[in-house]
Amino acid sequence: MAQQLWRALLTLAALFATGLALAQPLQPVPALQARVTDLTATLSAAQVRALEGKLAAFEAAHGSQIAVLLVRSTTPEDIAAYAFRVADAWKIGRREVGDGVLLLVAKDDRKVRIEVARALEGAIPDLAARRIIDGAITPALRRGDFAGGIDAGVGGLSALIRGENLPAPEPAARGGGGAGIEDLGALLFVGVPILGAVLVGMLGRKPGAFATGAVTGLIVHLLTASLFLALVGGVLAVVFVLALGIGGGGRGGPPHRGGGPVIRGGSLGGLGGGRLG
């Protein structure tokens with residue numbers, strides 16, 4: 001009888017605590033704008049950049065996505081419930097694969113949570129996640145080394161994901177922010193011979209070659225905003241025209257049209273639209 005009464009009291013206490021928690025507003029889920037989101041201002045700008053670079057490189061090489069979030073507290077929710085809400089809102093990972101991971105640190109609560117998507121549950125089971133938290137992250141956090149702890153956690157997660165048989169990342173589509181390798185290759189192997197033939201025919205061999213280099217360098221600079229690439233492109237254009245003897249028939253001679261292979265490349269993508277859970 002006494003045991004049953006004690007259980008009833010515990011149940012009532014739990015219900016009362018739950019009611020109090022539900023009466024408090026939930027912590028908002030921040031917008032996903034980067035791979036590392038620090039709402040506590042704990043990490044320096046350099047530390048955030050280093051983590052961002054590491055996560056971006058891993059994503060480009062393996063496809064799977066790891067996101068890091070630092071918050072002050074998840075109260076009134078426990079960290080597991082808040083992590084689930086964040087993961088569901090952010091939809092980390094490739095949509096068709098479901099290979100995202102959320103590393104959540106609640107600084108004032110002194111708690112850490114690793115939320116794993118369905119495709120990575122085999123690679124990162126609960127026991128492995130607990131080992132990373134207890135063995136790699138928590139000791140550094142206790143020393144006040146949040147950047148080191150998070151970096152160690154990311155390293156542990158990355159190592160486990162590498163061992164999983166997941167689809168290879170697809171080449172990311174190029175954005176409109178600059179020229180790719182194929183554009184520069186087309187300019188060098190297709191555009192330069194045509195331009196060189198015209199200018200050599202108008203100006204003569206050497207003046208035409210240098211004029212071709214100047215125009216090529218200007219175009220490369222407009223495409224890439226890089227003075228170094230512009231200089232390299234201009235020099236290569238001059239060498240290309242002189243070495244191949246483009247337009248060698250002299251002034252007024254028929255243009256010599258050259259051509260060659262187009263080098264194909266791509267650029268790295270950002271965060272994708274996959275889904276956790």
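Yeah, the Cβs are placed from backbone N, Cα and C, and that goes for glycine too.
Keep in mind it's a predicted model, so treat the numbers as computed, not measured.
Summarising the annotation, TrEMBL assigns domain 'TPM' to 36-158.
Per TrEMBL, the feature region 'Disordered' maps to 250-277.
Marked as signal peptide by TrEMBL: 1-23.
Residues or ranges marked as transmembrane segment by TrEMBL: 184-203 (among others).
Annotation comment: TrEMBL describes 215-246 (among others) as transmembrane segment.
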- Item | For the domain 'TPM' (36-158), mean pLDDT (0 to 100) | 94
- Query: When DSSP states are grouped into helix, strand and coil, how many residues of the domain 'TPM' (36-158) land in each?
  - Reply: 63 helix, 23 strand, 37 coil
